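Enquirer: This is the structure, below, for whatever I ask next.
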Protein chains: 2
Amino acid sequence: MAGPSLTIFFLSLLFFCAISEASKCSVKGLPEVRNISALPQSNYGRGGLAHTTVAGSLLHGLKEVEVWLQTFSPGSGTPIHRHSCEEVFVVLKGSGTLYLAPASHEKSPGKPQEFSIFANSTFHIPVNDAHQVRNTNEHEDLQVLVVISRPPVKVFTYENWFVPHAAAKLKFPYYWDEECLEDEPPPRDEL
Amino acid sequence: MAGPSLTIFFLSLLFFCAISEASKCSVKGLPEVRNISALPQSNYGRGGLAHTTVAGSLLHGLKEVEVWLQTFSPGSGTPIHRHSCEEVFVVLKGSGTLYLAPASHEKSPGKPQEFSIFANSTFHIPVNDAHQVRNTNEHEDLQVLVVISRPPVKVFTYENWFVPHAAAKLKFPYYWDEECLEDEPPPRDEL
């Protein structure tokens with residue numbers, strides 16, 4: 001009886017693996033209320049980052065908004081980047097610095113303004129303004145909730161603040177959407 | 001010298017009152033990074049509620065998303081309602097119950113499904129699904145961050161789950177937008 005039992009066991013395993021594979025990017029079968037601590041978390045190969053898609057377009061079927069939980073270890077942060085969607089930050093823990101350069105500055109972002117950010121603070125990034133959020137506090141993690149409109153996000157990154165807007169590099173789909181959104185035509189740059 | 005000084009004092013007072021009046025619903029002059037604890041909070045005449053617009057369309061110039069911080073004391077909650085925008089909740093503290101009735105149920109919401117919600121959980125409300133969030137934990141406050149799309153919110157409320165969709169009552173502008181959005185034509189019902 002060992003043979004058939006083992007076959008059934010492996011067939012079941014295959015079945016459940018197939019379900020889990022299919023549901024990774026599917027809204028079907030997800031519980032309505034989800035424990036954020038139990039959601040997938042990854043650094044997507046970016047040192048110092050822990051990203052969780054709390055409510056996502058590709059993962060959870062949202063079309064107009066998306067919510068992320070991100071933790072940056074001391075010294076880490078986002079790239080300098082812009083996107084043609086609105087973004088709101090709520091700082092849950094830690095502190096750091098927001099660098100913000102209005103997109104209208106000449107042909108490149110230019111020297112950004114610097115703002116201190118802190119636990120229980122909020123700020124938003126206007127559409128297409130180049131910005132960077134960094135954990136500039138060497139003693140603790142910076143944890144933020146991030147809200148974006150027009151998901152999935154299409155990010156243009158800059159190597160520095162003086163790279164022309166036209167030379168910013170498109171990263172689409174972004175790391176956390178890559179598994180669920182392949183072979184999509186790249187979006188048009190709006191700048 | 002008392003006369004001119006007093007005149008100048010009252011003129012200055014008038015000037016600052018005028019500025020403060022003008023900036024209540026204006027994005028101008030607001031700091032880029034805001035302390036959430038220092039933002040206006042009110043219950044808008046609704047017992048058990050404390051509402052703060054963390055990032056708003058009328059208050060902060062957002063066009064696509066809005067973020068609120070809401071605290072419900074034990075026994076309190078939202079009305080039964082629906083809106084033609086997406087909504088994401090992140091539960092920060094406490095616990096409670098989500099009541100959710102898909103809008104497609106016949107001509108009225110009908111008996112809702114019930115879900116336990118808890119600290120560090122998240123859920124979202126599909127467009128036009130009637131729902132209610134209540135603090136059903138008698139021992140502590142329920143605190144949630146709420147994200148909506150398509151601000152300012154246009155809410156249709158129900159006295160109970162069996163009121164026909166067509167008889168739901170429009171509340172627009174909603175309490176926290178009333179001061180900044182008067183004399184706007186009511187939106188069209190999408191159901």
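Using N, Cα and C of the backbone, Cβ positions are placed for all residues, glycine too.
TrEMBL labels come from automatic prediction, so no person has curated them.
Grabbed the feature section from TrEMBL, which reads as follows:
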SIGNAL    A:1-22  signal peptide
DISULFID  A:CYS25-A:CYS180  disulfide bond
BINDING   A:HIS81, A:HIS83, A:GLU87, A:HIS131  Zn(2+) binding site
CARBOHYD  A:ASN120  N-linked glycosylation site
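Walk me through the surroundings of each of these features.
Expert: In the three-state DSSP scheme, A:CYS180 (disulfide bond) is classed as coil.
Long-range C-beta contacts of A:HIS83 (Zn(2+) binding site), restricted to its own chain and to partners at least six residues apart, with a cutoff below 8 Å, comprise A:VAL127, A:ASN128, A:ILE148, A:VAL153, A:LYS154, A:VAL155, A:PHE156.
Shown in sequence order, A:VAL91, A:LEU92 are the residues of the chain, 6+ apart in sequence, with a C-beta less than 8 angstroms from the C-beta of A:ASN120 (N-linked glycosylation site).
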Enquirer: Can you tell which of the binding-site residues A:HIS81, A:GLU87, A:HIS131 lies nearest to A:CYS25 (disulfide bond) in space, using Cα positions?
Expert: A:GLU87
Enquirer: In terms of Cβ proximity below 8 Å, which recorded positions out of A:CYS25, A:HIS81, A:HIS83, A:ASN120, A:HIS131, A:CYS180 neighbour chain B?
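Expert: Sorted by position along the sequence, the hits are A:ASN120.
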Enquirer: Taking A:CYS25, A:CYS180 as the disulfide-bonded residues to compare, which has the smallest set of other Cβ atoms within 10 Å?
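Expert: Sparsest of the disulfide-bonded residues A:CYS25, A:CYS180 by Cβ contacts within 10 Å: A:CYS25.
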Enquirer: Excluding A:HIS81, A:HIS83, A:GLU87, A:HIS131, please set out which residues of the same chain place their CB within 8 Å of the center of the CB atoms of the Zn(2+) site, keeping sequence order.
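Expert: Here the non-site neighbours turn out to be A:THR78, A:ARG82, A:ILE125, A:ASP129, A:ALA130, A:VAL155.
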Enquirer: For each of A:HIS81, A:HIS131, count the other CB atoms within 10 A of its CB; which of these binding-site residues has the top count?
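Expert: The residue with the most neighbouring Cβ atoms within 10 Å is A:HIS131.
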Enquirer: Please report the Cα separation of A:HIS81 (Zn(2+) binding site) and A:CYS180 (disulfide bond) in Å, rounded to an integer.
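Expert: Per the Cα atoms, A:HIS81 (Zn(2+) binding site) and A:CYS180 (disulfide bond) stand 22 Å apart.
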Enquirer: For A:GLU87 (Zn(2+) binding site), which DSSP three-state class applies?
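Expert: The three-state answer is strand.
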